[in-house]
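Lifted from TrEMBL, the feature list:
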type   : residues : note
REPEAT : 272-305  : repeat 'WD'
REPEAT : 363-404  : repeat 'WD'
REPEAT : 405-446  : repeat 'WD'
Amino acid sequence: MAVAAAQQLRMAPSLASLLLPRVSAPVILSSSRWATFYAQEVSHPLLPSLSIGLPGVQLSLPTLLGDIWESILRAVPKKKTSHSKKRHRQMAGKALKDVNSLCRCPGCGQTKRMHRLCPHCMESKLYNWLSSIPTHFFTPGRIWSSSHGMQYLILSNKLTSQPSLTFFQSKQYLTVHTVDNAHLTDIFALAATPKAVLSASGSSSVNVHETTSSTFSLTQTISAAHPLGCHHLCASGNGKVAASAGFGGEIKVWNLNIDSGEWIAHSEIPKTAVKDASIWAIALNENGQFLATTTRDGRVIVWDVVDKQSPKIIREYETGSGNSGSFGMCVDLSNNGKFTASGHQNGTVYVFNNDTGRLVHCLTGSPKAIRTVAFSPGSSRLAAGGDSAVIALYDMQHGEQVGILTGHSAWVTSVDWNDSGEFLLSGSMDGKAKVWSIDRKVCVATHSETEKPLWSVKWLPKTGRSEFFCTAGSNRSISFYREATGA
């Protein structure tokens, strides 16, 4: 009976199996990236039919390890550099450069990011590239340029209305007349008056061409003005006084006869008037009373040339100790008579105050010789050019460089401001005459009718709606240009 009872007990469902039904493990897709623990049956000798299915457990090991690693990195403190160590690196010149700091561009003066190209200068390079394109026409928001059958489209988001023709280039100047073989040798200097242009060359004569007619005819030839030839020529702002410098070292002053319209000799500064040196460059002030000159030993001398018998020295400036200054290659007087500027062979530009007789500015921006300087009509700017093939613009109030005009490929030999001070004319050894916008500091017109050097360029005093300028050089001709707009 005991055996039979045991068999019945085995066959009957256990109480535990009724109360705890079998729980099967969930079905999980097998994957190499997952670790899965399956439920196992737990049996007991006393409860043979009791089996408990444990639910499956799955763990994402990569995600778990990534979170753990991130927490570890956050817990480890970063290495910090002490202030003293940073200071030592700065003193040693090894400090990291701040790429977010701002500075002022030395080229255009605009604010830009440090250690980055100036966007304003890069934009001006685009203007210079378009300066050779002859035709421009516009549609709203777009600028079209046409050249040699090809069209260029430049998109601009800044345009809200149709721009003027001067947006990129563009001032057009037409060649109205050329006086061929105006001199027997190279023409070294031009001087403009309201009614005439004076020219001087390696020959002994000075020629006068009238500018009141379209023929620009020769009205006067001053023969034997300088036996060895003339290298510098200047005229006063009122057009009544002129001066010329000869290769023999002498200076001659000329006055305009109002009745006859001819130039007559007024006075002369002989070579012996300046001790131990000869005069080179010359410049007259607005009314022709004062004449500024430079010498080969670097001195700058201002003369009063009103007296017909003997011009008097009123100022003498030294640019070196013991007559050891650098060769004075050019000079100019401001229209208000306050400043005298001189350019020298060592690349230095000196600006003197004529009222106090003191040096105001010593401008050392060029490593090469300065061959031409010119004050703006308002006497607030000074342009200087030379062997570095660039033109530097300086502010006279603070003596700071406010702009650089680049575009010539050889020495800049001559610069001249127009009457309004908006444009600067330059001539170079590369044979090109360029007109520059002072506001945008870009070239707006280029003329290259000769490959020979240009020694002198001059604006003609504006008498009508159009502006004129003239050029002369080694081709021995004088070319006259007129602004395309206006009458």
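Glycine is no exception: its Cβ is also placed from the backbone N, Cα and C atoms.
What TrEMBL says about a protein is an automatic prediction, not a curated fact.
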*Other than its close neighbours in sequence, what residues sit by the repeat 'WD' (363-404), given a CB gap under 8 Å and a spacing of at least six beyond its ends?*
106-109, 327, 329-336, 338-339, 341-351, 410-417, 419-421, 424, 426, 428, 436, 438, 441
*asked:* Please report, as numbers and ranges, the same-chain residues at least 6 past the borders of the repeat 'WD' (272-305) whose CB is under 8 Å from any CB of it.
replied: 231-232, 234-238, 240-245, 249, 251, 253, 266, 311-320, 323-333, 335-337, 340, 342, 344, 350, 352, 354
*Run through the repeat 'WD' (272-305) and tell me, per DSSP, how many residues are helix, strand and coil.*
2 helix, 17 strand, 15 coil
*Give, as a single whole number between 0 and 100, the mean pLDDT over the repeat 'WD' (405-446).*
94
